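So that you can see what the record holds, here are the features copied from TrEMBL:
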type	residues	note
DOMAIN	23-81	domain 'Acetyl-coenzyme A synthetase N-terminal'
DOMAIN	89-469	domain 'AMP-dependent synthetase/ligase'
BINDING	ARG192, GLY193, GLY194, ARG195, THR310, SER524, ARG585	CoA binding site
BINDING	GLY386, GLU387, PRO388, ASP410, THR411, TRP412, TRP413, GLN414, THR415, ASP501, ARG516, ARG527	ATP binding site
DOMAIN	532-610	domain 'AMP-binding enzyme C-terminal'
BINDING	VAL538, HIS540, VAL543	Mg(2+) binding site
MOD_RES	LYS610	N6-acetyllysine
Amino acid sequence: MKDMTYPPAEDFVGHAHVDADRYAEMYKQSVTDPDAFWGAAARERLDWIEPFTRVKDTNFTLGEVSVKWFEDGVMNVAHNCIDRHLPARADQTAILFEADDPETPALHITYGELHEKVCRLSNVLLAQGVMRGDRVIIYMPMIPEAAYAMLACARIGAIHSVVFAGFSPDALANRVNDCGAKVVITADHAPRGGRRTPLKANTDAALLHCSDKVRCLVVKHTGDQISWIDGRDVDVKAMMEQVAPDCPIRPMNAEDPLFILYTSGSTGKPKGVVHSSAGYLLYAAMTQQYTFDYHDGDVFWCGADVGWVTGHTYIVYGPLANGATTLMFEGVPTWPDAGRFWQVIEKHKVNQFYTAPTAIRALMGQGTGFVEGYDLSSLKVLGTVGEPINPEAWNWYNDNIGKGRLPIVDTWWQTETGGHMITPLPGATATKPGSATLPFFGVQPVVLDPQSGAEITETACEGVLAIKDSWPGQMRTVWGDHERFEKTYFSDYKGYYFAGDGCRRDGDGYYWITGRVDDVINVSGHRMGTAEVESALVAHAKVAEAAVVGYPHEVKGQGIYAYVTLMNGEEPSDALQKELETWVRTEIGPIAKPDLIQWAPGLPKTRSGKIMRRILRKIAENDYGALGDISTLADPSVVEDLIENRKNKG
Ligand code: 6R9
């Protein structure tokens, strides 16, 4: 079957930063002469206190892995995100804040105000003895203070580590201890979807397991009652009033760490991914501008949480480095109802909107009634991130939100990569639903044979996705464990950065991410992406969501085990099970027919919406003893339900 292709609209191309020819030309330079390409970009896009003399100094050889960019340059990230914009943009909105409760008036924080807030918070941190290189944990709601805190750290040279507000006290304590943080910045409560997470109480519980030297800075956001430990706890807003409104920037080396962000791998405890100052910021700025075709004056909305890399790069650092207006949303897509996203887009005349397929599917399940009636005509570009997008979700997004006229950028990247790696550029790339399309500037993807590790040179092929050479946004190390960095990303396939994803490259050189390679299953010797089967299942009108894993099968090696969540109002039945089996057979082929279907009222998801397949695999294997840590799940109780149902299947 020929893939559907959507070329960029002519009127769009006319105004875009980059068209197809320009992309080809720039891409070529970026990989043939990275020093010239990135050197020019870094001089043009960033302000330097001391110019760099060396651009790229990187080595992917196991045992010697080292990634350095603009090494001898001196700069400051907060200066680049705020101060240098002041002459032209002091009165322009930097952060547009939309609260959880739609009745709360939005805040328009100008670059001038942002400067003052960040300076004041910097002075509060300095007063607490936070110095260059110290670690600061940020455990906050999605409120402007979270961004102030990140930028205040950057201003004084402290390294921040944002911990998603949905994480448990245990997870928080582990992170405080792993990075040896001096301070935790939190808030009283985090309102979300009309409910409140007790962040201060969680922090109190976490700090019982940490050094008693750790200070707790509290933003009183909701004003609810909280407990207070004199001498340890600090009222941030009150302190900010008492300190000076200006704070000099700290000159930092390009390679000084900007932040640590913990991310879970397939094994072991979460890794502290370390990002640099200059390389990261440059990559964030450049991808935000090109991938979303951001223009001066646009209102940009990345719907992620600042607790994830997507929030770091595309709510805070990328947009602010570009002098953009970035929307920060405290709420959830489904509260007060499933029209909230569209209401916010109408209200603030959002131009670029970026979300995850899981959110699209959740809204799709609620019907189009919640979209109708909102004026979405301000939108110019739509984006997705986080997982492969199935054609049904893509079509729904395209038809109902894009009204068939907007480019959709499906951006493949990772916490480790800092910014977009494989993505369409809206004025340059014809898109194909489900494909992240082509590499960003400087990114050299390769497809490797998973067994031999050899690079596959045929255009159309399938294998594991790896990257041949460094790009400025690449992570530099794992905090405190460089060996783990080398082992995780550079040891399976020598000489390459191995992303952990499988992919297919089609005859046009387009990349199709098939999911994490640990999610690829082998059925009777056929390799199959679990995403493929899931995509087929959710294409059925009665299916809201599906997760597919492999499980040991006597004859086939691995069988296909499908967890299926039905649309509201649909009832499970034997007849429906048969119907779905037949459906998948016809969608993909007999080989993809699920061997077992389990009805799942809910799926175990991380709070960022990723399905925890590790848990589903264990349940499918009837191995309930080794479920591992389920504390990071949005709703741990779904696991018990799934186990009960699994047992009933024998
Ligand atoms: C940015 C982010 C990274 C993993 C990655 C891959 C999956 C992300 C994707 C995608 C297919 C896309 N992923 N974007 N898969 N298409 N457009 O999500 O970072 O949380 O570290 O996850 O997410 O499997 O390896 P992170």
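Glycine residues also receive a Cβ, built from the backbone N, Cα and C atoms like all the rest.
Automatic, uncurated: that is what TrEMBL annotation is.
Averaged over the domain 'AMP-binding enzyme C-terminal' (532-610), the predicted model has a pLDDT of 88.
Taken in sequence order, the binding-site residues GLY386, THR411, THR415, HIS540 that lie near ligand 1, meaning a CB under 6 Å from one of its atoms, are GLY386, THR411, THR415.
For GLY193 (CoA binding site), other Cβ atoms within 10 Å of its Cβ number 14.
Note: the domain 'AMP-binding enzyme C-terminal' (532-610) comprises 24 helix, 27 strand, 28 coil (DSSP; helix = H, G, I, strand = E, B). Neighbouring residues of the recorded Mg(2+) site, listed in sequence order and excluding VAL538, HIS540, VAL543, comprise GLU392, ALA536, LEU537, ALA539, ALA541, LYS542, ALA544, GLU545, ALA546, VAL564, LEU580, TRP583 (Cβ within 8 Å of the Cβ centroid).
DSSP assigns THR310 (CoA binding site) to a helix.
Applying an 8 A CB threshold to same-chain residues 6+ apart, the list for THR411 (ATP binding site) reads THR291, TYR354, GLY383, THR384, VAL385, HIS420, ILE422, THR423, ALA436. Around GLY386 (ATP binding site), the C-beta neighbours below 8 angstroms that are at least 6 residues distant in the chain are THR310, ALA356, PRO357, THR358, SER608, GLY609, LYS610. Taking the Cα of VAL543 (Mg(2+) binding site) as the reference point, the closest of the binding-site residues GLY193, PRO388, THR415, ARG516 is PRO388. On the backbone, the CA of ARG585 (CoA binding site) and the CA of THR415 (ATP binding site) stand 35 Å apart. Contacts of THR415 (ATP binding site) defined by a Cβ separation under 8 A and a same-chain sequence distance of 6+ are given as LEU261, THR263, VAL273, TRP308, VAL309, MET475, in order along the sequence. Across the domain 'Acetyl-coenzyme A synthetase N-terminal' (23-81), DSSP assigns 27 helix, 11 strand, 21 coil. Residues within less than 8 Å, Cβ to Cβ, of GLY194 (CoA binding site) and separated from it by at least 6 positions along the same chain comprise ASP100, ASP101, TRP335, PRO336. Using CA atoms as reference points, the binding-site residues ARG192, GLY193, ARG195, VAL538, HIS540 were checked against ARG516 (ATP binding site), and the closest is VAL538.
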